[in-house]
């Protein structure tokens with residue numbers, strides 16, 4: 001197309017390369033100037049600047065950042081070392097105070113122990129007095145109930161039996177007396193008749209016997225009959241029962257004896273308890289007071305120094321490694337960059353030939369030559385599409401995301417992430433050494449706990465000896481009397497049983513009631529007394545006191561528990577302050593430095609990620625813009641689209657229309673070229689037509705509006721070198737109309 005009017009260049013004029021051409025109207029560019037010198041850099045000049053390529057510079061910047069981080073970490077570790085040594089001194093002082101804590105706590109604990117013993121003994125005294133009195137009255141009540149119950153049963157049984165026996169005997173005696181007299185009279189009459197008859201018989205016998213000088217005595221039964229007639233039971237047959245009835249025991253003697261015997265040991269025990277425990281006071285001077293302790297584990301201990309020295313050596317080693325690796329990487333980066341520069345130079349030389357071909361957009365040619373790799377990436381991505389419009393959009397999106405500014409943002413973000421990675425590796429190496437310091441500090445804590453344990457065990461052993469002696473004294477002076485009283489009470493019960501048995505033996509011994517009465521006594525009283533004796537025997541066997549002994553870890557249990565592995569909260573350790581993340585102040589200093597560096601690395605990582613996201617956003621903007629035009633139909637001339645350029649027509653200023661597709665032409669006359677059919681989309685192909693001579697075309701009023709619609713133009717170098725009929729330097733393809741850049 002033709003511009004509406006000629007313009008003036010806004011850039012300095014270029015060298016007149018085309019002035020040496022055989023045909024200045026051809027527009028072909030001479031490859032080299034006549035003297036062989038070029039204003040642009042050659043291959044050797046380009047290779048001389050390989051060492052300042054972007055990757056080497058970025059790696060060197062990463063190295064500088066890592067060295068700064070290592071120096072900062074080393075300075076922080078030096079500060080942490082001073083703070084750790086100060087904290088170690090504080091821990092040493094605190095450990096000495098804790099190790100001396102038994103000295104201060106023992107006085108209060110001793111007072112607490114003594115007061116507890118005194119209160120316990122006072123309560124024991126009151127309990128003993130109440131128990132002794134209660135047992136005394138209970139035993140007396142039970143015994144009184146037993147023997148009075150037995151007395152009632154005994155009286156009921158004996159008196160009832162005696163009354164029944166006496167009545168039966170009296171009735172039997174009266175019956176026998178009356179019956180025996182009648183029987184005696186009847187027997188006397190019969191015997192008198194028999195005696196008369198028998199005497200008559202004897203008289204006859206005597207008559208015969210007198211002849212021989214002998215005589216037979218006569219039978220005389222009168223005296224026996226008289227005795228039989230006067231026979232009767234004696235009146236003293238029930239005197240024994242009457243005597244038994246009137247002589248039943250009342251056990252008053254047993255009661256008085258029992259009361260006296262049973263109360264004696266109880267009263268004696270109460271008297272001894274009052275005398276011994278009236279105002280019991282524990283001797284506090286017997287309880288020990290441990291001496292103060294002075295711990296020293298910072299002086300002469302190089303654990304902390306060796307830890308920080310190892311950290312410093314680690315940082316220095318890491319610094320050397322990073323210097324070596326990054327410098328080698330930066331140096332090695334020059335090799336591929338040199339090879340890339342060589343390929344770029346060759347590619348530029350090859351693609352510079354595209355300038356000679358009029359079938360290409362000159363701006364595209366400049367882009368391909370100046371940005372060979374990004375242009376090649378765009379062309380490769382666009383090759384997946386068959387539509388030329390979409391190919392152009394894909395290349396445009398790639399070019400938008402790979403501009404020098406966009407790539408600078410991307411490289412800056414990648415370099416930042418690489419720097420953060422190096423710092424992270426250094427930080428991880430330092431964090432791995434923290435357990436060594438924790439082990440050293442753990443040894444300090446163990447020393448404090450061991451000192452506390454020894455002091456606590458020594459104090460507990462001495463205090464337990466005093467408590468054991470007090471237990472023995474109370475068991476002998478108080479519960480010894482309880483044992484004595486239980487033995488005496490058992491003896492008293494035995495005496496009561498023996499005394500009662502003696503009374504029953506004296507009263508009913510040899511009678512039919514003795515066995516039943518003894519069975520009733522054994523059932524009613526004997527078994528109960530045996531139960532009481534068993535209870536007294538149990539009291540005798542278990543009547544002793546044992547005050548609890550003090551554990552050996554009284555003063556060290558809390559400190560040992562705070563540093564144990566079972567503690568879930570690190571700040572519970574006695575070496576740490578409330579809210580600390582670790583179990584001691586020394587490790588907390590190192591952790592604080594590590595957290596500080598970690599926060600810095602995290603911040604830098606976030607910043608680098610944000611920078612990369614900015615590049616991603618830029619790339620997305622290009623992709624979204626390309627996608628928005630991906631399915632838009634090409635507009636015709638009547639719809640605001642551009643007109644098809646079929647001929648090369650130049651104006652007086654030297655501008656000609658550049659076709660974007662191949663225009664086959666076998667004629668040399670531009671005016672006689674046939675108009676080709678419009679293609680569906682422009683393609684970047686080499687034109688096979690020859691360059692025709694430009695001719696002046698009148699400038700119409702519509703040319704300026706056509707130029708605004710976006711027609712591409714290529715300046716004809718031959719005519720561009722002439723200004724007012726004279727040779728002139730080549731001007732820029734950018735023209736200015738009334739101070740307006742087009």
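Positions of Cβ are set from backbone N, Cα and C atoms, glycine also.
Since the structure is predicted, the reported quantities are computational estimates derived from the model, not experimental observations.
Here is what Swiss-Prot says about this protein:
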CARBOHYD  177  N-linked glycosylation site
CARBOHYD  222  N-linked glycosylation site
CARBOHYD  245  N-linked glycosylation site
CARBOHYD  256  N-linked glycosylation site
CARBOHYD  274  N-linked glycosylation site
CARBOHYD  454  N-linked glycosylation site
CARBOHYD  483  N-linked glycosylation site
CARBOHYD  490  N-linked glycosylation site
CARBOHYD  505  N-linked glycosylation site
CARBOHYD  552  N-linked glycosylation site
CARBOHYD  566  N-linked glycosylation site
TOPO_DOM  1-54  topological domain 'Extracellular'
TOPO_DOM  76-137  topological domain 'Cytoplasmic'
TOPO_DOM  159-320  topological domain 'Extracellular'
TOPO_DOM  342-395  topological domain 'Cytoplasmic'
TOPO_DOM  419-603  topological domain 'Extracellular'
TOPO_DOM  625-742  topological domain 'Cytoplasmic'
TRANSMEM  55-75  transmembrane segment
TRANSMEM  138-158  transmembrane segment
TRANSMEM  321-341  transmembrane segment
TRANSMEM  396-418  transmembrane segment
TRANSMEM  604-624  transmembrane segment
Mean predicted confidence [pLDDT] for the topological domain 'Cytoplasmic' (76-137): 76
Cβ contacts of residue 505 (N-linked glycosylation site) (under 8 Å, same chain, 6 or more positions away): 514
Cα-Cα distance linking residue 274 (N-linked glycosylation site) and residue 552 (N-linked glycosylation site), given in Å to the nearest integer: 35
Stretch among 55-75, 321-341, 604-624 sharing the most Cβ pairs under 8 Å with the transmembrane segment (396-418): 604-624
Intrachain C-beta neighbours of residue 274 (N-linked glycosylation site), sequence separation six or more, cut-off 8 angstroms: 129
Folded-back contacts onto the transmembrane segment (321-341), same chain, C-beta under 8 angstroms, at least six residues removed: 43, 46-47, 50-51, 53, 55-56, 59-60, 62-63, 66-67, 70, 373, 422, 426
Length of the line joining the Cα atoms of residue 256 (N-linked glycosylation site) and residue 490 (N-linked glycosylation site), in Å: 18
Distant-in-sequence Cβ neighbours of residue 490 (N-linked glycosylation site), under 8 Å, six or more positions away: 533, 536, 537
Residue, out of the glycosylation sites 256, 483, whose Cβ gathers the largest set of other Cβ atoms within 10 Å: 483
Integer Å distance between the CA atoms belonging to residue 454 (N-linked glycosylation site) and residue 483 (N-linked glycosylation site): 40
The topological domain 'Cytoplasmic' (76-137): DSSP-derived helix, strand, coil residue counts: 61 helix, 0 strand, 1 coil
For residue 505 (N-linked glycosylation site), the three-state class that DSSP assigns: helix
